[in-house]
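Trainee: This is the structure I want to talk about, given as structure tokens.
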Amino acid sequence: MLKSIVLLSCLVLILAFIGKYMIDFGVFRHIETKGLDKCRLIVAPDGDDLAFEDFAIDYQKGIAYMGGDDRRWFHTFNLLNQNIKKQGKFFSFDIESETFNQLNLINYPYEHLHPLGIDLLIGRKKQLFITNYRVDNEEIIGAVDIFEIDSSNENQLIWIDSVVHPLFTVPDDVLAIDDKTFYVTNIYRHRKDKSNLMHTIEVFSKRPWSNLLLCSKTNEWQCSIVVDSIALANGIGCSFDFKTIYVAATAEKRIRVYERHYENNSLTYIRSLYVPFLVDNIILNERDQIIVAGHPNALFYVLHANNRQQHRAPSEVVIFLDPRSNSTFENLLLTNGELLSASTVGGTYKQKLLVGGFADPGILLCQDLM
């Protein structure tokens, strides 16, 4: 009798754990489409296989910069697949005229180019900081590559530098402070191609094993962990005065808010902004409002990442209108993936909303959602 009670109790606990887990990952969430009727999909020229996981907006000119890639490799970390092109492409997108323009790379020295996260630094020169993956001696290398937008020809990106560091496990997104300082998130501690078991445990048990790095250069690039114990550190953004840093903790369904200290770039945790989905990238518009895209249903996202042709995944984009004093948000877009699955980034410019996805080609352009 006692044995039966113990077994029944264990079964109840296991079922309760599985149920909570599925609720946390949005498996039972009902998706009621909102805003899709005001959106249309725009695909870049010759970009039928290019997904735009992230972009950065130049609010002075109304231009979005983005790196497109066939991201089928990311769920396996197999860049040696013969069906995957060795290089993605960079584009600028004029938000007013709604047109793509491919950017030519100058002096890029590597055979592989697989961009992921991106940030625009506007100073004396305009530079793009990009998390990028390539193959060196049959080993996949995660790096932060730095490009300068050619002031005499804005259709050209001049490669400046590539930063690789032992602390880079799976670099996801990057935030440039100046031309010699940036933050970069590691979304995973364990890469799937190195330890499939540990990677699976980390992702599906929501272990807080990832981190945020600070990298700076005097003579050489040096990196250190500035924030540890994050459950899937993903997108990163900052206020226009660089005083407040926002870090997406995907598995925690929240955006961590930090105060940045100018003297040494250390961070002090302030509070969190919560959303009802798995947070991906973060963009702050010219009014310091936060636009966040993510994944309402983790199961469908995983299926889509493995085979986008067979599986759609819901998309969600919200906006925090006053993130410094108010933790409430407004929903801009919620879909079942009809036009674009698995939204990873959203950004506003005037009355327009741009949305990029993990694997589906093109971007959504939506109007009058605010």
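Note: Cβ is positioned from N, Cα and C throughout, glycine not excepted.
Feature annotation from TrEMBL assigns Ca(2+) 2 binding site to D54. What TrEMBL records for I118, D173, N234, D280, N281 is Ca(2+) 1 binding site.
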Trainee: Determine, to the nearest whole angstrom, how far the Cα atom of N281 (Ca(2+) 1 binding site) is from the Cα atom of the residue listed as 'Ca(2+) 2 binding site'.
Mentor: 7
Trainee: Below 8 Å Cβ to Cβ and six or more residues apart, same chain only. Which residues does that give for D173 (Ca(2+) 1 binding site)?
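Mentor: The answer is D54, L116, G117, D119, T131, V184, T185, N234, G235, I236, A248, N281.
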Trainee: So around the Ca(2+) 1 site, I118, D173, N234, D280, N281 aside, which residues have their CB within 8 A of the centroid of those CB atoms?
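Mentor: Apart from the listed residues, the neighbours are E53, D54, L116, G117, D172, T185, G235, I236, A248, I282, T344, V345.
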Trainee: Out of D54, D280, which has the highest number of nearby Cβ atoms, where nearby means within 10 Å of its Cβ, if these are the binding-site residues?
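Mentor: Within the set of binding-site residues, the most crowded position is D280.
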Trainee: Among all protein chains shown, how many Cβ atoms are found within 10 Å of the Cβ of I118 (Ca(2+) 1 binding site), not counting that one?
Mentor: 25
